[in-house]
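> Attaching a single structure in structure tokens format; questions to follow.
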Amino acid sequence: MAEISATSFPSSSSSALVIRSSHNGSLKCQNVAVPKTTSQFQELSLKRSQLVGNAVVTGHVTGSRSCKNQAIRAVLSGDGTALTTDSKEAGLRGKLKKVVLAYSGGLDTSVIVPWLKENYGCEVVCFTADVGQGIKELEGLEQKAKASGASQLVVKDLTEEFVKDFIFPCLRAGAIYERKYLLGTSMARPVIAKAMVDVAAEVGADAVAHGCTGKGNDQVRFELTFFSLNPELKVVAPWREWEIQGREDAIEYAKKHNVPVPVTKKSIYSRDRNLWHLSHEGDLLEDPANEPKKDMYMMSVDPEDAPDQPEYIEIGIESGLPVALNGKALSPATLLAELNTIGGKHGIGRIDMVENRLVGMKSRGVYETPGGTILFAAVQELESLTLDRESIQVKDTLALKYAEMVYAGRWFDPLRESMDAFMEKITETTTGSVTLKLYKGSVSVTGRQSPNSLYRQDISSFEGSEIYNQADAAGFIRLYGLPMKIRAMLKKIS
């Protein structure tokens with residue numbers, strides 16, 4: 001049996017946990033009853049009293065609960081490791097020099113700052129990406145970050161890069177996950193993670209950290225990007241390590257560490273917003289039978305309350321990418337922002353779906369993507385003029401795999417990059433304009449034109465044509481239907 005002792009060291013050192021296997025015997029230790037099962041480690045905590053029948057510890061022991069749990073693991077392994085809780089030293093998980101944390105300013109990421117310092121003995125640099133989530137989300141972040149213990153806050157405007165280099169390639173590819181989801185969160189994570197890698201290099205950090213839970217997709221999206229762009233960086237995911245189980249635990253931890261707790265009312269929904277979309281999850285949405293409340297939506301009006309008069313708009317497209325609105329050339333981010341306003345006014349782009357998460361479970365989400373819904377309708381419609389049947393079929397097939405890879409966080413995978421090269425080539429003639437009618441939640445195409453159109457009115461017309469001889473169809477039909485005819489003949493003989 002292994003043992004733990006709580007002792008004190010001279011000078012300025014604080015109390016420490018000293019762990020030795022029982023055969024060592026050089027220290028006088030208090031006995032610990034080691035449980036036969038290891039399934040309840042997270043429920044253990046070094047206290048004076050008996051802990052749910054798993055261990056009995058006497059003597060004063062200091063340190064965070066996470067440190068104590070780690071101590072118990074070391075006891076069970078009997079590896080003779082000595083671990084201290086001196087705040088000047090590294091935490092029980094080992095020392096890191098400097099960590100770049102993806103920071104939102106909310107309760108969770110604010111609590112992560114002191115947790116990283118306590119458990120890894122590191123300096124924390126907070127990073128916030130502006131991907132079009134709104135100016136209110138960015139207000140007061142530097143003050144919050146430093147009050148939580150961060151050495152600095154780095155903010156970068158990634159909006160144009162996000163739209164140009166991440167959203168528009170997915171739009172050109174026609175990438176839609178499970179027939180509905182336009183990949184709003186999936187596309188945002190790699191651009192944020194990429195910027196974190198850049199910031200880590202700029203500030204000399206040896207690690208990055210995120211606040212994603214162990215149940216979601218985002219942890220994968222962040223970490224696959226880190227692996228792809230700098231495999232030397234260490235990755236810390238507190239939600240997979242700490243004992244904080246929810247909001248109340250986080251608030252208690254924040255108070256103990258003098259972290260200012262946000263006083264804003266906690267939303268009953270879990271939301272993610274960027275320039276492309278706004279997602280809603282949680283609360284009554286967790287039951288797929290429940291209808292979303294009208295006051296949940298933030299980017300779009302209820303279609304029933306939308307204007308009674310339709311609005312017509314024209315989208316200009318070059319080589320498969322939108323470049324203009326109503327004849328006016330706009331930057332990618334500006335164009336999308338304009339369409340969000342117009343589409344939201346008409347109740348465009350609401351999606352309610354149950355999707356298969358990458359980690360195996362199903363989840364229900366409601367998404368608002370007004371501008372994106374309009375752009376998908378425009379680009380796909382113009383392709384109907386400029387692409388032949390085989391090209392459309394192959395492109396649509398690859399679009400499914402493309403969407404799957406983006407959803408799974410494999411943005412920097414060579415396969416996605418190779419498919420992107422195909423999409424760029426196949427859409428190089430997709431240039432022209434599309435006119436759409438927006439009315440009470442619907443997007444209807446009313447016109448399309450392209451200098452590269454494969455549509456020929458003189459051929460397709462029911463009127464007489466010198467190019468297309470209708471008599472030619474007879475031979476084509478005989479050859480095209482020959483296998484079916486032979487099969488029918490065999491059935492008749494048998």
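Glycine too: its Cβ is placed from the backbone N, Cα and C atoms.
Below, the features straight out of Swiss-Prot:
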TRANSIT   1-73  transit peptide
MOD_RES   A74  N-acetylalanine
BINDING   A102, Y103, S104, G105, G106, L107, D108, T109, S110, A129, G211  ATP binding site
BINDING   Y181, S186, N217, R221, S270, S279, E355, Y367  L-citrulline binding site
BINDING   T213, N217, D218  L-aspartate binding site
> Of Y181, Y367, which of the binding-site residues has the most Cβ neighbours inside 10 Å?
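Output for this query is Y367.
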> Helix, strand or coil at R221 (L-citrulline binding site), per DSSP?
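Assignment for R221 (L-citrulline binding site) reads helix.
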> Measuring Cα to Cα, how many Å separate S279 (L-citrulline binding site) from T213 (L-aspartate binding site)?
17
> Select one residue from G106, G211: among these binding-site residues, choose the one with the most other Cβ atoms within 10 Å of its Cβ.
G211
> Once near-sequence residues are set aside, which residues in the chain of S104 (ATP binding site), 6 or more away, have Cβ atoms under 8 Å from its Cβ?
T128, E137, G211
> What are the other residues, in sequence order, whose C-beta lies within 8 angstroms of the center of the C-beta atoms of T213, N217, D218 at the L-aspartate site?
C212, K215, G216, Q219, V220, R221, V359
> Cβ-Cβ under 8 Å from D218 (L-aspartate binding site), same chain, 6 or more residues apart: which ones?
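Expected: T185, R189, H210, C212.
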> At a 10 Å cut-off from the C-beta of N217 (L-citrulline binding site), count the other C-beta atoms across all protein chains.
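There are 20 of them.
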> If you measure every Cα to Cα distance among A102, Y103, S104, G105, G106, L107, D108, T109, S110, A129, G211, the residues said to bind ATP, what is the biggest one in Å?
17
> In whole Å, how far does the CA atom of D108 (ATP binding site) lie from that of S186 (L-citrulline binding site)?
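That separation, Cα to Cα, works out to 21 Å.
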> List, in sequence order, the same-chain residues at least six positions removed whose CB sits under 8 Å from that of T213 (L-aspartate binding site)?
Q219, W239
> Between C-alpha atoms, which of these binding-site residues comes nearest to R221 (L-citrulline binding site): A102, G106, S110?
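Spatially nearest to R221 (L-citrulline binding site) by Cα position is A102.
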> Considering all pairs of residues in Y181, S186, N217, R221, S270, S279, E355, Y367, annotated in the record as contacting L-citrulline, what is the maximal C-alpha distance expressed in whole angstrom?
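About 19 Å separates the two most distant Cα atoms.
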> Take the C-alpha atoms of S270 (L-citrulline binding site) and A102 (ATP binding site) and report the distance between them in angstrom, rounded.
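Between the alpha carbons of S270 (L-citrulline binding site) and A102 (ATP binding site) there are 17 Å.
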> For a quick check of understanding: among the binding-site residues S110, S186, S279, which residue's Cβ has the most other Cβ atoms within 10 Å?
S110
